[in-house]
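Notes follow the structure.
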Amino acid sequence: MTLKRKKIAVIGSGYTGATAAFLVAQKELGDVVLVDIPTAENPTKGKALDMWQAAPVQGYDAYITGTSNYEDTKDSDVVLITAGVARKPGMTRDDLVQINQNVMKSVSKEIATYSPNAIVIVLTNPVDAMTYTVYKETGFPKHRVIGQSGVLDTARFRAFIAEELQMSVKDVTGFVLGGHGDTMVPLTRYATVGGIPLETLIEKERLDAIVDRTRKGGAEIVNLLGNGSAYYAPAAAMVEMAEAILKDQKRVLPAIAYLEGEYGYHDLYLGVPTLLGATGIERIFELTLTEDEQQALDQSAKAVEEVKNVLK
Ligand SMILES: NC(=O)C1=CN([C@@H]2O[C@H](COP(=O)(O)OP(=O)(O)OC[C@H]3O[C@@H](n4cnc5c(N)ncnc54)[C@H](O)[C@@H]3O)[C@@H](O)[C@H]2O)C=CC1
Ligand SMILES: O=C([O-])CC(=O)C(=O)O
């Protein structure tokens, strides 16, 4: 029997990759191929086997395999890139640019060879610049190369608001614009709780503190973990994007998209509100911003541009 399921390759079987693979399987989005570099032992194969053995208990029909051979990823529908190095306390995401750019180059070559029609979602940091690298190196059209930051940053923002107001996270909506760094722009003016404007529910001082905590959300976890960075929420964010694409859900989610004039930026990957469906990014929403919001976004875009300019 040949099963005609979707195929999802997860490159990098570390914390975020393994967690994403498990979520993809649990959601039955398709079969998963987990890939990492070859080593003397074989933790990638071990993790995949362990997850496959959870299938009878959890009752999911998704097969998970682990490999270091890209041939096994052939004809993947979606590829999630989590390969590379994570930061440690005291480092910024941008400190990873050189080492991870090299990883993106080698991984992109394999993806272009074995899955030329795939939609790629990049997680590896500094993610705006790494998404740009994958776009250039694969030669894929812009709508098929997408970066993950906004779903995660918005999730943090929503979680902090729900906690502050003691209201359900389900009812908190909003989004974060810009680069995945300390200059990101949580748009409080567009956030609501059950449709009620957020700015009428929380006083400005508290809201400013939540915005600041959101911007530094990654570093807060890096400092708590001590030896690596967040992985549960990042993996969940990536998988939400993959699900939107694999099921053609037409979700409106923030994503790192290639801009050609939108918001005034050219030849730049930056976080903006998008429509995600079967073909990847199907639309970019351009909102009218206040002068202050545009200024904050300009600052964030400048920070991303600076990292892009050191790419080789
Ligand atoms: N964009 C975002 O919102 C987030 C980004 N990240 C980033 O995701 C990346 C991965 O984080 P973790 O999974 O925690 O790191 P990790 O260190 O647990 O896993 C990374 C894995 O990549 C593998 N790898 C390295 N070079 C490779 C290559 N050439 N081919 C295949 N695999 C390779 C490593 O062997 C390792 O297993 C980091 O760069 C981190 O900063 C993490 C969380 C959120
Ligand atoms: O902070 C990091 O290095 C990992 C990351 O991007 C996040 O958790 O937002």
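Even glycines carry a Cβ here, placed using N, Cα and C.
Here the structure is a predicted model, which means the values were calculated and not measured.
Taken from TrEMBL as is:
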ACT_SITE  HIS180  active site, proton acceptor
BINDING   GLY12, SER13, GLY14, TYR15, THR16, GLY17, ASP36, ASN100, LEU123, THR124, ASN125  NAD(+) binding site
BINDING   ARG87, ARG93, ASN125, ARG156  substrate binding site
DOMAIN    7-147  domain 'Lactate/malate dehydrogenase N-terminal'
DOMAIN    152-306  domain 'Lactate/malate dehydrogenase C-terminal'
MOD_RES   SER149  phosphoserine
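Separation of the C-alpha atoms of ARG87 (substrate binding site) and THR16 (NAD(+) binding site): 13 Å, rounded to the nearest whole number. Not one of the recorded positions ASP36, SER149, ARG156 places a Cβ under 6 Å from an atom of ligand 2. Confidence for the domain 'Lactate/malate dehydrogenase N-terminal' (7-147), expressed as mean pLDDT, is 98. Annotation note: ARG93 (substrate binding site) sits in a helical segment as assigned by DSSP. For ARG93 (substrate binding site), the spatially nearest entry among the recorded positions GLY12, ASP36, LEU123, SER149, HIS180 is HIS180, judged by CA separation. Within the set of recorded positions (ARG87, ARG93, ARG156, HIS180), the lowest number of other Cβ atoms found within 10 Å of a Cβ is recorded at ARG87. DSSP labels the residues of the domain 'Lactate/malate dehydrogenase N-terminal' (7-147) in these numbers: 67 helix, 25 strand, 49 coil.
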